Amino acid sequence: MVYYNTDVILPGADTAKVCGKGFFLSERGLCLPCNCKGNADHCQDITGVCINCKNHSTGDFCEHCEDGFLLGAGPNGRRSCQPCACPLACLSSFAVHCDRGTGSLRCKCQEGYAGHSCERCAPGYYGNPMVIGSSCKRCDCSGNSDPNLIFNECHNVTGHCQHCWGNTAGANCERCAPGFYGDAITAKNCRECECESGHCDMHTGECLLEAAISLCNSCDECTWSLIGDLRISNKTLDQLKVAVLNISTGAAANDRIKYYNYTALRLQVVTPHTLLFQQAGSVDTLCIFETTNTGFVSDLCCSDLRESDANGFVQRAISAANVYNNIIKYIHDANITSRTTFNLSQKAQEVFLPVRLWDAVIYSVKSNHYAYVAVENLNILVPELLDKLRVVEQKKPVNNVTTNILRIRELIAQARSVAKKVQVSMKFSGQSAVEVHPHTNLDDLKTVTSISLFIRVDPDKDPIEDRFILYLGDRNGRKDYMGLAIKNDNLVYVYNLGGEDVEIPLGSKPVSQWPAVFNYVKVERLGRHGKVFLTIPSQSSSDEQKFIQKGQAPGTDSLFDIDPNDIVFFVGGVPAGVKLPPPLSLAPFVGCIELESINNDVISLYNFKETHQMDMVASTPCPRYKLAFSQSRIASYLFDGTGYALINDIERRGKFGVVTRFDISVRTVANDGVLLLMVNGLKFFLLELKNGYLRLIYDFGFSGGPNRLEEKLPVLQINDAKYHEVSVIYHQSKKVILLVDKGHVKSIENPKTTLPFSHVYIGGAPSNVLKISVYRTELATVVGLKGCVKGFQFQKKDFNLLEEPGTIGISSGCPEESFMSRKAYFIGESYLGSTAKTSPFDSFEGGMNFRTLQPSGLLFYHREGSDEFSIALENGGVILNNRGTKVKSHKKQYSDGRTHFLVASINNQRYSLMIDDKDKQEKKRPPSASRTSSDSTLKNFYFGGSPHSSLKNFTGCISYAYISRLERDIEPEDFQRYPEKVKVSLQECPVRRPPAALQSQNPRGTRGEHSKKHNSDDPNTEGGSCSQSPISRAPQRTFHYGGFSHSRHHYSLPQHALDHRYEWSFCVHRWHLSLSLRTISSFGLMVYVCDMEERSFMALYLAHGRLELTFSAGGDPVTISSQNKYNDGKWHNVDLIGDGNLGRLIIDGLTLLETRAPKDRGTNSSSQLQGPLYVGGVPPGKAQRNVPTSSLHSIPGCLRNLQLDGEWLPAPDSFGVVPCFSGSFEEGTYFSTKGGHVLLDDSFHLGLRFELQMEVRPRVDSGLLLHVRTVEGYFSLFLHQAIVLVNDGTHEFFTKVVPKHSLCTGTWHRITVIRKANVVQLAVDLEVNHVVGPQGPNVNYIGPVWIGGAPSKTIHVHTSFSLATVL
């Protein structure tokens, strides 16, 4: 309360009155109160200027703050000058000035400090301002730093000098470098040692003996420095990951206590003297969190903090609050409805629940700021770490350093995964914007683009205006794009595929009529077809409301053409300098947005690249009631294969007893994935999915090895997209009982042993836990679960997996899209069949992505009686066949291993076929084509093959297929729902692009595949002398496989391998097979050998990048798998050793994995594995029951140095195998000396008038460039000098160019041929010649055009050169 001085000085009075404290004498003689804002006791008479401002204020009326302080609310609620949080308020403030600017704190740092909040040291200084008591000090390099540098360069944290000058070394350049001696500090005269060994005493120059030289001196000092940095980085990122997942327990608890107290005051249940706040240690933590969220802190807090930091608690809390904040732990709190915040009238006995809920709502809002800060730190730290990793990896460090690098990369991925799954909103003020990391697989976005999000607007507070919501496209807004906006009170979905803008307004529910809660919005595009969905959650008096609007792009373009280097994803607004397309050039958004997914992958605004004018403190995000929508009302958790839940100290909720029970409810379509895993040393318990079936393996230290349950019973197959309850009961410490859907499946007895575990992993596990797979091969193939878990119980007690501190990378909810299979992989004997109300013969549109290395195969098929409708590949081209009328693609290169998108349409006027938005062909509908009655009966159709078609089944991948149906809108087909699924995989698509070479001749005439890359040299040069590059080479016994699905070598086993001593049997004899592997593929078969019935076999293949050895000695097969992945593009040595029924897999001479295969007692133990030995792949039909479908194709990569028992194998039969080149590659097509050639096009006609141009780089001095053969004659272009030879069946004539310099110089040359009837002109670079031939018959040369060679029956000349372009 303010007291006023009521004394009045009367005019003319003899005695002057003096005003009291806090008052001044005015010109009129009145005592008026000083206007010093409580920051001064006295002020000058007449002027009222304040005297001796205090509390860090300044100015005539104490209205400003001193440098280093900022005006804000103090502990008593009054505004006062508080220390700048630059970076840590009174604890560590290094700003000379700070202000709030447009809302965010801006710091002007003292000399030696830098960063937005002065949180780091400036160049030339070192230290860590984020640590209490630390400051930035000037670098001290003893005057020996590089004089060309503006600053003395040293490490910004440690202060170690990084560029010592004048032959000096050391942390401060304080000594002479190794190999030099002298005085580095005063005289600065470091001189080179004059010793034979090159080493001497660093002070005297006395030579040292070799024995006295430390081994460390021979090490690369740079490498060791980098390793040191790496250790620091590893530790930093470990802290980041831990803190991102678990904020300090004490800090979190005390912060919650604060809000308990706050709510208790609101409820007026207890008095301030009985608040929970009085618990020990809470003052420190509360002050710290106040510092984090307000940017300043009271003097009281400061003094308390300084005095109580004896054990470093404050520093740990600051680190947790400012840098390593929790993202996951409090996400679940956002699930709580905001309605609980208004429930303040409950009775006293009901206090606890409202307090808990109120706390959750408030804390979820505060944790958004922590998430924001944590992701900002990720964006700074991760690029720096990746740069360091690249430098260290270039040094080819030893194994322990490599392990450290892998650990860091794993932590980075985990931290990014956490940021990606932050399910909370951001509030946009009308000036802010967020740029989000776009989708990782941009190829998927081309055909289908789907974005879902939650939007909250408040029409009562913010009148609805035209506003921008989001944009996905290029930075300049000139190419294809899609976006969302509010226009004319409607939600509008906008996209452009290269033609006109498409706008789809949702007019059925104006935005001004939306309730002020989060509403669910989804926009999707499939080809030209677009949809926008709106779901308004149920209110107290209404059910959930759903709205939908459809549209489609004009024209024929269907693909979203995006540049990976230029794509941006903006939400809420865009920064200056980014130009939006006209339909989206609107005012920024006002309200709250929470991203949900993009193409069904979880995405978050907190996985941002950059934010613009986003103030998480001033613009508090809106809490969302996540149970508002019907599909979210069942508590469930989404696992994407990368995360896991960890329950530490599981007995805190229940004890192991006579009956110990675990219950988990799972829904998935995946073939493989871990459900439960417990590990303690070499003891383990594993419940997982393997090939769609439940598998249980455990070993508690049993003498007889692990117990197993891995039968393929129908009840154990649970990957059918339905929830299944799986229970494991451990009974009386000697029996494991497995229940599925409450029904008993099987019991397994074991020696009586108490469960030796305390932690349980659900859905996956970190790599450091799975390290025991080196010794326990049963864990080597463990992969993360892709699916949903509805609940987990231990001893019938529920666990909230998101609240468990060790949980990483899972999210709440279980979207239906997670169980839809949009992709399928076919192996040549596969097909998918279903029914629909459709009429392909009369009115139809269908589309799909396809990817294959096979030139022929059936993609889609429908038949009614004798009428057939099909879409198929034939000789690399696509053909649409409708009742015998065929539409053929112009190009015939669609079996190139790339993803292609086709659209086929039928209407009253024409039949159309479009591929990749470029190759469009159509035919008019034949007048004779009768119309089928448009009945609504269900009709059969097939993808990938058909039991009723004579066409060859497809080998490859089909994805995002759609067909027009009468019963529903166009949408991607869900292959999971198809009733006929024959030998098809709905999980992985292993098809990759072909190898870096064309076909190589082989005995069976298998046709190789075309590639756009070729190797720049071939050492196996034949013919004349040519310039050779020493960079690239094709080493002997090194081969590239994978040109097509069954690319392979057949090796006949050597005679000694067939005699009695070397009989190939896993049951009796020992053998040793060795080879080296280099690939970037995740899947593929490398070695396979078997007996006649394929009961005994051995297979080596890649699965998910891991090496797997599967073998059988006639009994059940066993598999051993590597923990690490070996698809890194580097060479790895692999040894396979069989000794009886024991199999060993040795990788790079370091990793040893082994296991035993059970013998089949009903068969002869000497069952032979007969030849041939298949390497690189197998023939069609082989190994299908012994090798996973995804790995059954040829390995796309290189194998070399194959040996059996230390000896080279004889020359094999080759099927589509080419040399494996190393070195530089360049654009063009490589042709080998062994007769490779390309059939340009079956339908390509040269005619009598044409111009042909190509660029060549010969590796031999003669060969065939082009050849056309017809019944009448031929047309050929040779490289021997340069010759064009023409034969029209009657006459033969030619022209040639003899270049001044050889064409065989290793450089590119352009050759042009122009023909006009009997005149032929030939140009080689700038040299030209022509010939006028005799008049003869008009031979159009209609026939196959061969490039680079021709079949031997056509011509006997071959070549070896690189062909860059054919025009």
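Glycine too: its Cβ is placed from the backbone N, Cα and C atoms.
Computed from a predicted structure; not experimentally measured.
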Original post:
Which candidate, CYS173, CYS176, CYS207, does TrEMBL give as the disulfide partner of CYS190?
Top reply: CYS176
Original post:
The disulfide recorded in TrEMBL for CYS173 goes to which of CYS154, CYS164?
Top reply: CYS164
Subject >> Of CYS164, CYS173, CYS176, CYS190, i.e. the disulfide-bonded residues, those within 10 Å of CYS118 (disulfide bond) when Cα atoms are compared >> reply: none
Original post:
Any contact between the domain 'Laminin G' (634-814) and the domain 'Laminin G' (1040-1220), i.e. 3 or more CB pairs below 8 Å with pairs at least 6 residues apart?
Top reply: yes
Original post:
Reported as an integer number of Å, what is the Cα distance between CYS176 (disulfide bond) and CYS164 (disulfide bond)?
Top reply: 10
Original post:
What is the total of other Cβ atoms whose distance to the Cβ of CYS118 (disulfide bond) is within 10 Å?
Top reply: 28
**OP:** List the Cα distance (Å, whole number) between CYS190 (disulfide bond) and CYS173 (disulfide bond).
**Re:** 11
**OP:** Enumerate same-chain residues with a sequence separation of six or more from CYS173 (disulfide bond) and a Cβ-Cβ distance below 8 A; give 'none' if the list is empty.
**Re:** CYS141, SER142, ASN144, SER145, CYS161, CYS164, TRP165, ALA184
**OP:** Find, for the listed disulfide-bonded residues CYS109, CYS164, CYS176, CYS190, the residue with the lowest Cβ contact count at a 10 Å cut-off, counting only other Cβ atoms.
**Re:** CYS190
